[in-house]
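To keep things clear, I will list the structure first and then write my remarks on it.
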Amino acid sequence: MAPAGKVTGFHKEGNGWFCNAGLPSDITVVVDGIQFHLHKFPLVSKCGKIARICEESSEKALITVLEEFPGGPDTFLIAVKFCYGLRMELTTRNIVTVYCAADYLQMTDEYGEDNLLSKSENFFHKNVLHNWKDCILALQSSDPVIARAEKLQIIRKCLSAVSMMVCTDPSLFGWPMMMYGSLQSPGGSILWNGINTGARIRSAESDWWFEDISYLSVGLFERLINTMETRGIRPEILVGAIMYYARKYLPGLGRWKSGQSGKTRTVASFSLTPAVVDQKVLIETIEKLLPEKKGKSFCRFLLGLLRVALILGVSQMCKDSLERRIGMQLEVATLDSLLIPAYSDSDTLYDVDCMERIIHHFMSSETRITSFSPPSLDPETSPSSEPLRKVAKLIDNYIAEVASDINLKPRKIRFLAEALPESSRPLHDGLYRALDIYFKAHPWLSEKEKEELCNIIDYQKLSIDACAHASQNARLPLRVVLQVLFFEQMQLRTALAGCLNALDTESAPAGPITIPSEMAGQILQRDGWITVVRENQVLRGDMESMRSRVGELEEEFIKIKQEMKKVTKSHSSLSSPRLVARKIGCKLIPRSTDAQPDPVDSTGPTPRASVEQARRSHHSRHRKSFSLF
């Protein structure tokens, strides 16, 4: 048994702690319902707060209650052991609460040299602020005493130290560089003088610290990101940390991972459980932390965040801000991420109203936000010179996806289709496809409603294939089909006329085919005009062969005409009695020599008859050759 007055320790009985000093206690301190039966002298000699309480009270057996004591009964027990001169241990996990408890009890050097407050402060500055793992653990343990830790600037110093180490090569802090390499435990931890330190080798990549800071609470995480931003850490790295933190505590974001590795990278070896997070508060906090940047994977993350926000019912301001951010980079969004289900009492399957607001933000955004530069975060993102056309194609595909919903009203379709200007769609095939799907899913629509929807389509911007499909589509109103046929005929006629005019104006018979620039643009804009060009090439070959044949006939005609002139001159020099008799109207009796056929007549037709026959042959061939026109 220890002698009277010699304290060997403390023991707990029921709901109280008792000192093993062999002397009756003269002061009882209550902390969170736990009673500590102590002695005034050791407490008064170290604690300014207890000394003032004892001075104000004249009772011999004093009972006092310490309200809102930092760290609770466990931390108070550490302070009491220090007052009694017993061995107590300061660790990374308890240093913040002990530091705050010493400040609460006013254990300054005024009440004893090297008192608990100065001892805690020295341990914090020498052992915690220079080590990554200890800083993270100190921040984790500061949540219960956050207000007093703020007063003592513990939080600010830890956040500043962590931010500085993130900006520094991770191999330059924590443990000496010479201890890296082969001096590792089987689990991968670093060995220092043969002792497992619990620290792990740091990765050279920029995301080595994502997992470690994800153990912090939402408030501390927000402050840490803001501190890193003021230190100039690149926005794309901060966004990566924010996305990692959000996906850890928002399971609904799991399917929206894009280009993210499932490998967990960590430096410290933690035994604490992850922070308890209010998901609604987390989403509203993350929305404030996100920068005004754009990228394909970043936009996908924003859409996933909006989906979860609609499920949890966050504040309207947060939802509006997320929709605005998405609208400002709608051209890099994907169709599957835009298909947000309707979580409210809406009758529709998808939240079309949300899509309308996103398109409105896209059209009203005057300035375009910049894109992330590093390819590691967004490898597929490239500056787009035609965001309107990309968004128009995206909206056409979106309408086609939601068109099968039987509860979707025609005015919703019309608003989505007309939200963008006319110049955003070089072709209206996507709109036609979407309306055809909508008509198929809504067979009860009246002809008037169908015609009103069809008015959003410019039939002159339909391709040949779309026109061919529309002309045989029984779901379209008859008036619309007639319009399609009319514009289809106009397109074909214009294209053929332009090609034929280009061929006729060629000077060289064997020169290359030249088509007017306007007509070439119209042909290239439509998928079906390639076939028309090929048919015109075949037609040009036929015309060339026909021209050569006409030239041969003209040469033959000139030769026959020259021979006819020669024959006419030779006959005019002869005076035939038969010709004279014909002139005076007499009929001569044929002679025996006349009864014989003329050698020239018997062998073939007369020269005039030959000429006439050649002319008829020439004209008939000419007409036959051009009968294609």
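Using the three backbone atoms N, Cα and C, a Cβ is placed for every residue, glycine included.
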Which range of 256-290, 536-570, 571-605 is coiled coil, per TrEMBL: 536-570
Tally of DSSP helical, extended and coil residues in the domain 'BTB' (25-92): 26 helix, 14 strand, 28 coil
Overall pLDDT for the domain 'BTB' (25-92), taken as the rounded mean: 91
